[in-house]
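Okay, structure first, notes after.
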Amino acid sequence: MKLEKLPEEFVQAQPVLEKISEHGFEAYFVGGSVRDVLLGREIHDVDIATSAYPEEIKDIFPYTIDVGIEHGTVLVLAGKSEAEHYEITTFRTESKYTDYRRPDHVDFVRDLREDLKRRDFTVNAFACDFEGQIIDLFDGLTDLKERRLTAVGSALERFNEDALRIMRAMRFASTLDFKIEEKTFSAMRERSHLLEKISVERIFIELDKLLLGSEWRNGLTLLIESEAWKYLPDFQDLALKKVLTELSVDFHFKNSEQAWAALLTRFSNIDVKVFLRKWKVSNEFSKYVADLVSAYELENWDLVSLYHFGLEKALLVDELKIAFGRDIDRERAVFINDQLQIHDKSEIVIAGKDLMDEFSLKPGPELGKILKTIEEKIVKNELKNEQIAILTEVKKMLELEK
């Protein structure tokens with residue numbers, strides 16, 4: 001088949017493919033970008049594959065960067081903007097995958113079929129020339145029409161080569177609403193133990209995308225049915241089942257933090273920060289999720305808790321509570337937030353230096369205690385956030401200590 005109209009991203013890259021062709025080599029758009037064009041989805045990355053070897057690409061284009069030349073990839077700087085920088089990879093075959101993630105060795109080839117047959121799924125094994133002609137060597141168009149994910153060739157071999165493909169399949173089931181072809185799913189289940197060989201950082205990325213997909217329930221169901229959950233750090237299948245059965249069917253997560261918090265509210269005997277440490281997430285992400293889980297346990301918002309967690313987290317938590325069927329006052333968080341004089345201690349009109357100057361105080365525990373007390377009183381609306389009111393209050397506190 002031929003595309004009626006090339007997407008703008010392909011049109012912009014057309015001269016690159018044409019130039020390679022003018023030098024006697026083949027060049028195609030490949031991978032997920034072609035799939036997304038056929039699905040009418042937004043393109044994120046334009047990948048180009050060619051029969052030209054890396055050194056030949058460098059001879060054709062004056063401005064290039066070696067970004068992965070040992071694997072056949074050269075970055076071509078076709079223009080000044082980053083959008084005009086293209087990774088061009090030579091057709092290749094791959095040897096065994098000792099680490100179940102990356103090939104031990106690659107060989108450059110001139111044959112497009114040899115390159116495409118090493119790809120993960122048929123819907124990712126399309127090629128498209130600069131005129132929009134689609135090359136489909138593995139019946140991917142049929143799978144695309146049926147919204148079916150089928151491994152290219154032997155599914156067992158594909159997952160042996162790269163076990164992360166198991167998580168990618170689940171992610172596609174979530175983000176693209178694809179079902180998994182029977183033999184492909186059977187191979188996923190049989191090879192799920194190989195996920196232990198994959199870094200948790202890479203698994204996290206795929207699982208995170210799964211959770212944010214429009215059909216995340218499909219993805220989580222596959223995670224359970226494939227038994228892949230057993231090989232993820234500290235995962236509990238009962239918790240996953242609870243999320244599927246207890247969360248309202250039409251709920252979609254606002255962000256990653258909310259999604260992971262939803263899972264963790266259903267885990268038993270879990271220390272959120274210890275759990276997330278095993279997933280090697282950032283401290284910022286870990287704290288955010290831990291805050292959401294802690295806030296979820298609160299019965300109601302008050303001035304102190306709203307100040308501590310902030311309105312953004314409060315609203316995310318309230319969405320989860322409602323989605324899990326808890327009866328809450330939907331307007332309370334905003335109402336309480338409006339009653340707060342400050343939302344951060346930096347908004348207090350007087351700083352420690354002001355108190356040191358006014359009362360001849362020195363830095364130390366006493367000053368810290370005074371500042372903390374002032375902050376608490378302002379939050380509870382027991383003290384106005386005004387200079388005279390605060391100085392008067394501090395004076396009283398110091399007199400009581402004499």
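Quick reminder: no glycine exception, Cβ is built from N, Cα and C everywhere.
Since we're looking at a predicted model, the values are computed, not measured.
According to Swiss-Prot, the protein has these features:
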type: BINDING; residues: Gly32, Arg35, Arg119, Asp162, Arg165, Arg168, Arg171; note: ATP binding site
type: BINDING; residues: Gly32, Arg35, Arg119, Asp162, Arg165, Arg168, Arg171; note: CTP binding site
type: BINDING; residues: Asp45, Asp47; note: Mg(2+) binding site
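Feature annotations (Swiss-Prot) mapped to structure.
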| residue | record | Cβ contacts under 8 Å, 6 or more apart |
| --- | --- | --- |
| Gly32 | ATP binding site | His44, Asp45, Asp47, Asn124 |
| Arg35 | ATP binding site | Val123, Asn124, Phe126, Gly140, Leu144 |
| Arg119 | ATP binding site | Gly31, Ala125, Val152 |
| Arg165 | ATP binding site | Asp120, Phe121, Ala151, Arg158, Phe159 |
| Arg168 | ATP binding site | Asp120, Glu206 |
| Arg171 | ATP binding site | Glu206, Leu207, Lys209, Leu210, Gly213, Gly219 |
Message = Given a 10 Å Cβ-Cβ cut-off, pick out the one of the binding-site residues Asp45, Asp47, Asp162 that has the most other Cβ atoms nearby.
response = Asp162
Remark   = DSSP, reduced to three states, assigns Arg35 (ATP binding site) to helix
Remark   = Asp45 (Mg(2+) binding site) falls, by DSSP collapsed to helix, strand or coil, into coil
